Amino acid sequence: MKEYEEIFKSTFEQVAVGLAHVGLDGKFIRINQRLCDILKYSHEELLSLTIQDITYPDDRKDIIKARDSLLTGESSVYITEKRYIRKDRSLVWGNLTVSIAYNSEGAYQYFISVIEDITEKKERERKLIKSDEAYRNMINNLDIGFYKGELNGKLLIHNQKFNEILGFDPSESLVGSLALRFTDDKESLKKYHEKLINQGFIKDFILPIQDTKNNAKYVQLNSHLIKDENGIPIAVEGTVMNITEKFVLEQKLKQSEKRYRALLEDMLEGYYTVDFKGNYTYVNDYFCKTLECSKEEVLGKNYRFIYDEKTSKRLFKLFNQVYKSEIPLIHTSRAKMAMNGQKRVFLEGLITKRGKRVLHEGVIDLLYDSEGNKIGFYGYIRDITNKVTAEQNLKESEKKYRGILENMIEGYFENDLKGNYTFVNDYFCKILGYTREELLGKNYRFNYNEKRSKEVYGLYNQLYKNEISPPLIYEDLFLSSGGETTYIEGLADLRYDSEGIKIGFYGFIRDVTKRKRSEQNLKESENKYREILENMMEGYYEVDLKGNFTFFNNALCELLKYSPEESMGLYYKRFIDEENSKRIFEAFNEVYRTGIQRPRFQYELITKNGEKLFGETSISLKYDSDGRKIGFCGFLRDNTEKKIAEQNLQQSEKKYREILENMKEGYFEVDLRGNLTFVNDYYCKLLGHSSKEEILGKSYRVFQDEKTSDKLFKIYNSLYKNEIPTPVMLEREQLTPSGETIYYEALVSLKYNSEGNKVGFFGLMRDITERTEAEQKLKESEEKYRGILENIKEGYFESDLKGNYTFVNNHLCKILGYTREELLGKNYHMTHDEKSIKEVFKLFNQLYNNEISPPLVYERQVLTQSGETPFIEGLVELKYDSEGNKVGFFGLVRDITERKIAEQRLKESEEKFRLLTEQSLMGIGILQNNLYKYVNQEFANILGYTIGEILNWKPGEYNKIIYPKDRLHVREQSTKKQKGKNEVRNRYELRIIKKTGEIVWVEIFSGTIIYEGKKADLITISNITKRKKVEAVLEEQQKELKEINELKSEFLRRASHELKTPLISIKGFTNLLLHLHSEEFNPDVISMLFEVDQGCQRLEDIIHTIIKTTKLESSTLELHTSKEDLSFLIRFCIKELHFLVSSRNHTLIVNIQDKIITNFNKEQMYEVITNLISNSIKYTPPNGEIRIQTEINEKNVVVSIQDNGIGFTESEKKKIFQQFGKIERYGQGLDVGIDGTGLGLHISKKIIELHKGEIWMESEGKNRGSTFFFSLPLNST
């Protein structure tokens, strides 16, 4: 009884949760130290309080109810989560489990309360909810549409802006609809999907759509695929932006450019283009007319031939000014300047072919190619004697008006009062399917039948007579020239001349065919959504605010065992007990109040047939079309099997503690300070302590002398720093309190908490006093053994696998007639003739390959140094190292008359083998004919049986210890091994069942041997249960780290895409102001606009860098390589950066091979080389020196970039290749570049690693310069 009380007391104090025995009046009777630690009270202080005193006021209300429930037998255990008040008034969350303890007569004695500190878990849950809410708010506050959906177009997530763009109510939920199909234009959708599937992403894809209000729109899509762990696309996510205005404007600009060339030839002012040398590349007719010459006389000539010398020099300065500032320049005459009061540049020195001087004004601007590169100048010149300014203003107004009409994405028409078309734009022609020539002059009636013509006439007549308020808005249906039915939406109004007289009509039409069709598709989508819910495996439900079912799928009925008729209107309390009913009400009430979805809520439910299930449900609010809360919806999953598994795990942990206490090895745990925190009884017994209390809480130094303590500290410290592998095996000598000297071995490993932090050490100890003494005797025996070998009257030798002697004794030297020095290192060939050499080799080879049973016994004539050929008898065995590997041969050579001496030596050899196996830390056994013929003690310990029990097993009875799922494989392997077959595995892992019922993992090595003249299986076995548990934990941790990394990459990718949206608008409108309205601003404003444009470009580069980083992190960037010249690429990068080198006055020294041909991706390697060289240039103060070198070795090419710049400290070296690992230089007084995101080197590292290369850097310290290296494999694929 006393022993059980001690076990109970030890368990009560050592458990990792708070334990308390609470009286029926709520007062504490008994508490453990862990509860004191959780609540931060002393033992005495806590015993003076009640359970109500420490409970948070809001959580006290159900204490009495729970007590009554337990006392009345309504429930056997009470489990909940509560807040408790610590001594310092801070709050701690606890997972509370309460049950009743009874006395021997069955009467209530006290409550057993278990409190687990779950504060950190609650904080993580709070942060997760807050993070999810912030993420949803961020999505809804975006100024662009955000969506996520399935590949078939079914929508999963969207924001309010998405609704707004597609014409839906912003508060309406489109989840489950096919809104992601966007349009009925099959060709556009096909291009979109092909590009998305092939690339994995799509950028800036423009798609025409019709919103729900029949408005024609253009949207820009940026999408990417989401893939599962096997790389298979499962969803699509992206943004949608309404770019209708921008797209219309771009189309107008394109049409304007088309008409621009025709206008150039017809315009009444000179137009020209020149290259950077000043040679004319194009002139129009009016330019030639002004110069009084033909085009042939001008083209290819320099501008200097039409201007006098003074004007030519001035014009050169103007061209140069435009080139540098990139701002258009207007030049005019002095007379015009005086007239307008404007400060403009004027030119007067133009001389015609006939010598006439022309006063002119004009414009000079830069000319760009399609890629934005400067290629020359263009300009206008005009004769200013004919009031050009007024005429030009009128002309530009008309040009702008017509340009807008031509470039709009709506049809525009004008007709006279008879209905004949007098003007139509291109888009009008496109909608009707006719050319402009086919429409102009035709009457509107040819598009309609007679009935509809009269109806349209009536509408226009009412508009003419002012019987309806303008504008006239209508919808119509007609056949295009191709016979297709087209729905249009039209707007018309009256046209007036300059005197206000009605002269006709004008109007706009819009093709709304796609919108009409999309409305039909939406209807079909809703039907499909219902079908999906009915066929899914998880239960789906919808309830009203009272908790009555209003909708459900078949899976829910199958789960609850109610028919669909019974389920409709079913009240939720019908399948939930009172305790769970209250929890569910609180959960649904919280979702109702906060509006925040609850993704996972677990509770117990009861099916119609009374079966209890553990369910897990999601809870979301349901709204009507006006945004009012009308109920809830969610999914319900059966988690019964998972819950049972968790309970089994708890029982397993309890069993683990019992095993520790009952094992015949010492077990201990120490914290990082070396203080003992747990020991089992056998540990105390081993070290001679009477109780655990003598040693718990004390440092290991108390039990060791100073020298031994220091040695142990160094070993444990190396283990903590991972300088030596874990676990580590220690062997030590120690004095017990009684003065007895014992020897023990300990296997020590690091101890981690649940979060993976190192918190101490744990280990197993075994008494090896007897073994140590035996080893000492063995050592003495080996010394004696060597002495015997030297003095025996027969020859002994050892050789390597090549037959070279590694040891010989004196008698062998005597037999062969050589000295020891003459034999050692020599081959056996020297003592055999040619025939014997071959025969001996064959025998030894058969022995090596196990073709003959060892030992090898043979008779042979040998050659002595004197030429004699005595007969000897040899006995040879294979020689193994400590790991069981074959390393050579050893044997005896003797006269045949000395056979007795040889037999004695063989007996000693066998005894040596048995002695070694008995002392082995591995289990060793010999299995023959399915019977164990021999096992050592460690083998028995691992299996949990005695040696006698194992040796008495019947044939094949050993199968009972093998885990059922592993038995067939083991039986097959064992049979093959004992029969000497080759197609067997020598090493495998399996589970065994010990005599106690415990299941442990073991690792088995086996090999075929000859035992007692027959083949047998030699087995070595090790317990690897701890390793298996660690591998499982590591695998789970690796999975968690991967999920965190994916979340980080996803955040960066989304943030980058969100930044692009406002950037596109800023950049687009800035360019519009610079190129179309520059004449309206003064130079200061234009300069500021250029600064905005450059800032946009820098931000665009940063976004591009972040997106590329996320691709590299998520492994979506594919590597396409080809054979290229690395030397050429390095020189190309240097040439591109030459201006930057010159601007900082650096000296650049290049030492690279003429050609280095290998496989790489040219664009990616360009990015790496440019980044490394530009970093050296920017981070080296002016007048520095930069060296670029290449070196080729056997397998790689190494590129180095060395500078004498600011260098790096040791701490800086560790972070430069990390994401955002930028070293801040701002404010340090260094004349170096400080811009950058800190992603360049990280991207470079990822690119080099994709090429199977390496990147590193060296620096001797701050202001000592640095060298960056990277290597690439030669001819890699």
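Here the Cβ of each residue, glycine as well, is placed from N, Cα and C on the backbone.
Residues 1027-1054 are the range that TrEMBL records as coiled coil, among 383-410, 1027-1054, 1167-1194.
Of the candidate ranges 148-175, 764-791, 1212-1239, 1240-1267, TrEMBL annotates residues 764-791 with the feature coiled coil. Checked against TrEMBL, the range among 444-471, 808-835, 864-891, 892-919 recorded as coiled coil is 892-919. Two recorded stretches are said to be in contact when at least 3 C-beta pairs lie under 8 angstroms, sequence spacing 6 or more; the domain 'PAC' (472-524) and the domain 'PAC' (78-130) fall short of this definition. The largest share of C-beta pairs under 8 angstroms with the domain 'PAS' (652-693) comes from 4-74, of the ranges 4-74, 78-130, 131-200, 525-595, 934-981.
Summarised by DSSP class, the composition of the domain 'PAS' (397-443) is 22 helix, 12 strand, 13 coil. When each of the listed stretches 4-74, 78-130, 131-200, 781-834 is scored by C-beta pairs under 8 angstroms to the domain 'PAS' (525-595), 131-200 comes out highest.
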